[in-house]
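What follows is one structure encoded as structure tokens, with my remarks underneath.
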2 protein chains.
Amino acid sequence: MDEFQLIRSYFQPDARGEGVVLGVGDDAALLQPAPGQLLVTCVDTLVAGVHFPEDAPPDAVGHKALAVNLSDLAAMGARPRWFQLALTLPEIDEAWLAAFSSGLHRLAAEQDVALVGGDTTRGPLTITVQAMGEVAPAQALRRTGARAGDRLYVTGTLGDAAQGLALWQRGVRSAGGDDPAGFLIDRLHRPTPRMAAGRAAAGLARAAIDISDGLLADLGHLLEGGEGLGAVLQADSLPLSPAYRAHCEDSLPGRAALSGGDDYELLFAVAPENEAAFQTALQHVPAGCTCIGWITEDSAITLQGDGKAQVLTRQGYQHFN
Amino acid sequence: MDEFQLIRSYFQPDARGEGVVLGVGDDAALLQPAPGQLLVTCVDTLVAGVHFPEDAPPDAVGHKALAVNLSDLAAMGARPRWFQLALTLPEIDEAWLAAFSSGLHRLAAEQDVALVGGDTTRGPLTITVQAMGEVAPAQALRRTGARAGDRLYVTGTLGDAAQGLALWQRGVRSAGGDDPAGFLIDRLHRPTPRMAAGRAAAGLARAAIDISDGLLADLGHLLEGGEGLGAVLQADSLPLSPAYRAHCEDSLPGRAALSGGDDYELLFAVAPENEAAFQTALQHVPAGCTCIGWITEDSAITLQGDGKAQVLTRQGYQHFN
């Protein structure tokens with residue numbers, strides 16, 4: 001099998017996506033943007049052994065490579081449309097490729113986003129996905145713009161992926177179903193991009209970010225988008241899954257919920273005057289959306305709970321540290 | 001230095017490109033496509049030790065990572081607009097980063113293409129660039145559509161990069177200037193994307209491809225775009241640089257000109273009735289453009305010269321072979 005056969009076997013969907021004038025197979029793809037929309041584009045790389053365990057299930061790797069990019073589009077309020085895949089492989093392993101491409105294509109079909117091109121090269125296992133979406137200019141969500149007094153909302157639950165990683169590293173290999181460990185490991189390997197929440201919040205939230213680096217680190221980025229801003233987080237309001245609560249070894253909310261990465265939930269800053277409309281728009285979003293605190297003029301991030309207030313550092317996952 | 005400082009130091013151009021509503025620094029970039037144009041998008045990865053020698057000058061690596069993508073846009077007849085950079089680094093080496101980003105930004109400025117986003121990760125040195133351009137729907141150049149009787153034209157000269165690689169592998173370290181070896185090594189490390197030629201040919205050529213995998217391999221791809229097509233190449237017409245002629249150890253045109261990769265010239269199929277208009281449009285293109293043969297109904301690729309005809313195989317560089 002050479003690289004052209006590989007592309008034909010695994011990465012050439014026969015159904016042409018909407019707006020795809022020319023897809024996989026030429027020097028470049030030709031796409032038809034929707035009139036009046038902004039193009040939203042992002043790129044994220046997963047390196048084996050850094051962003052996913054070397055022994056992660058390949059279908060989960062395919063899922064996650066696309067999911068982390070869709071999460072970035074969701075954080076902008078965008079509708080996802082197309083993506084490209086740059087895949088660097090140490091060798092051709094057909095079983096691995098079949099599972100990887102199956103995980104990738106399943107999520108792509110679920111989210112109605114079309115693979116339109118890519119590149120296949122030989123080298124250490126590295127997966128770069130570049131995703132494109134569209135949003136109306138007035139609806140785009142940015143990291144900047146949050147103000148003191150804005151309410152903070154987060155989708156889904158916090159810290160599950162970090163707990164899933166801890167379990168995986170201890171050798172636990174459950175997946176899915178009713179098993180709490182399986183739930184947490186699925187949250188690590190198969191994050192759900194919060195597209196519906198991002199779209200519902202578009203035009204209603206004042207600022208948004210996805211919390212791929214952990215709540216505190218990404219809240220820090222959101223606060224940097226204003227001048228000398230801080231935040232109060234209410235410990236009892238942080239959304240925690242039953243599985244997380246069952247496995248948490250710290251006192252709740254626990255370090256994983258505050259600083260663990262890979263959750264891919266969305267964090268929103270919402271102006272008080274928009275809060276009712278925001279709540280209405282988000283109420284039927286599958287992931288749910290919870291108010292966890294508010295933005296302050298004091299530059300600290302403070303955790304309130306049990307009648308105490310604790311100042312937190314803005315820590316999170318960083319490469320090269 | 002952490003990854004955010006790294007991005008601020010090397011990859012945050014202060015000048016905002018045209019059509020860039022929101023650039024580097026958010027979850028995704030927001031771009032304003034031109035009305036009525038198709039979006040042209042491609043992605044290419046360079047892996048250290050595979051696509052460039054580990055000891056290649058870092059400014060050349062930065063140049064080449066962008067150039068190979070711009071070449072794909074040129075092959076579609078597109079005007080380049082924006083690009084994203086996904087950079088995987090084993091460590092932070094500031095001298096390497098300064099030179100790499102300088103080579104990248106210099107070419108970006110020359111071609112008026114704006115860096116709008118990216119990702120920085122830790123891992124084996126791998127560089128993925130994703131580039132976007134625009135083209136009017138009727139002007140887009142594809143690989144498909146060539147027909148028997150079409151004339152074959154190629155920009156620039158052939159085989160220089162393959163000869164440059166052979167010199168580099170023998171330890172020659174010249175660069176640029178009047179030295180033929182330096183010219184050939186520059187052609188390997190600092191390919192010039194043929195943007196002007198691609199734009200001039202848009203709407204005039206019947207099909208186009210960039211010859212990154214070598215003339216024969218990419219001519220093969222162009223011929224696959226039709227039914228049972230072949231080609232005649234005229235040995236005396238193949239454009240060869242004086243430096244190539246001086247270093248060629250085979251009888252001319254030599255294996256490097258026919259099968260060597262990394263040339264990033266453009267190959268066009270031109271209908272006879274458009275040939276005069278094509279020649280006029282391309283006559284002032286800096287790289288030049290030479291007729292090297294024509295397309296036939298016989299599926300072989302034949303090299304004619306010295307009164308002989310030799311059937312060639314469609315070989316070229318392939319990963320995983």
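A Cβ is built for glycine as well, from the same backbone N, Cα and C atoms used for every other residue.
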Considering the Mg(2+) 3 binding residues A:ASP27, A:ASP72 given in TrEMBL, which of A:ASP210, A:ASP213, A:ASP218, A:ASP236 is annotated for that site as well?
A:ASP210
Subset of binding-site residues (A:ASP72, A:GLY118, A:ARG143, A:SER212) lying within 10 A of A:ASP262 (substrate binding site), CA to CA, in sequence order:
A:SER212
Between the Cα atoms of A:SER212 (ATP binding site) and A:ASP119 (Mg(2+) 1 binding site), find the distance and write it as a whole number of Å.
26
List of residues, in chain order, with Cβ under 8 A from that of A:HIS51 (substrate binding site) and at least 6 apart:
A:THR45, A:LYS64
Look up A:ASP72 (Mg(2+) 3 binding site) in the DSSP assignment and reduce it to helix, strand or coil.
helix
What does DSSP give as the helix, strand and coil breakdown of the domain 'PurM-like N-terminal' (A:25-135)?
35 helix, 45 strand, 31 coil
Sequence order please: the binding-site residues A:ASP119, A:SER212, A:ASP262 that have their Cβ under 8 Å from a chain B Cβ, otherwise just none.
A:ASP119
